[in-house]
Amino acid sequence: MIDFANFYQLIAKNRLSHWLHTLPAQLHAWQHDNLHGDLPRWNRALNKLPTTAPGHIELQRGVEIGNSQSLSEGERKKVESLLRQFMPWRKGPFTVHGIHIDTEWRSDWKWDRVLPHISPLAGRYVLDVGCGSGYHLWRMVGEGAKLAVGIDPSPLFLCQFEAIRHFTGGDQRAHLLPLGIQELPDLRAFDTVFSMGVLYHRKSPIEHIEQLRNQLKDDGELVLETLVVDGGVNEVLVPTDRYGKMRNVWFIPSSAALKLWVERCGFTDVRIVDENMTSTDEQRRTDWMINESLSDYLDPADPALTVEGHPAPKRAVLIARKAKD
């Protein structure tokens, strides 16, 4: 069973200490109430991962731990077999002792689009909402974050994160908690809050933006990445049923509408810093994620459209600053 005691001890000494009023009870409930049928199997795989000396750790140009010479061929095959127990791997990629985990998403490409526009992360307390397997948490640590906290309710993502952390030697600068943002109190403690690929899954996008604001300290920075459509300030796509075969897509605004939403929620210096069409090179089926991917969600006769006839995925990155309360 995954133990969160190290995180409790860590935040007891810093600006997040007030989180301890609610967090231990929430995570205790999660550990005892989570009924995902594969969780025992994933826990067994975590417990079987061998202890290795991490040696080389690269977190600035990617997430690369160890090298291909640090394990024997037999050990490497065992580690790869155990890591494959956590498929599908969606967010990455990772390289562990020469084993390349080729994830569905090239999350490093997204990071390369975001990084030039954000305030330096050195010494910052950072929250990543909907962090998936925690790939970007490690990149945040690579940029010098004092503490990178990710939240995502998926037990598989938590196990993937713990598998990677295991090979770092138990690095305590990054932590993933199996929670949704609606379960967080108003911490008002983070210097930077990221929400990437989450907003369009929320039934109330305004409420989500306000929840993000309530995690930031005054003058803190919001980094918001989401699907957008072309159009003016009043343009918002609400799919009648599915978008790219996903049922849980609710609101896809234009970049101008997104900017207005964020301004209305009490942010200043709001700006769109990047727009990018998602390509089938960035999101695709791999040997580590063998299910359907982006190419299956697009109209085969016109890849500018989804199979439902909506505009194909286009993503915008927005940066904003929290105005003082």
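Placed from the backbone N, Cα and C atoms, the Cβ positions cover glycine too.
According to Swiss-Prot, the residue from Lys78, Lys91, Lys217 that belongs to the carboxy-S-adenosyl-L-methionine site alongside Trp105, Lys110, Gly130, Asp152, Pro153, Ser154, Met196, Tyr200, Arg315 is Lys91. Long-range Cβ proximity for Lys91 (carboxy-S-adenosyl-L-methionine binding site), meaning a same-chain Cβ under 8 A and a gap of 6 or more residues, is found for Thr103, Glu104, Trp105, Ser107, Gly132, Ser133, Gly134, Tyr135, His136, Phe157.
Overall, the recorded carboxy-S-adenosyl-L-methionine-binding residues Lys91, Trp105, Lys110, Gly130, Asp152, Pro153, Ser154, Met196, Tyr200, Arg315 cover a maximum inter-Cα distance of 23 Å.
Using a 10 Å Cβ-Cβ cutoff, Tyr200 (carboxy-S-adenosyl-L-methionine binding site) registers 22 neighbours. In this structure, the binding-site residues Lys110, Asp152, Ser154 were compared by how many other Cβ atoms lie within 10 Å of their Cβ, and the smallest count belongs to Ser154.
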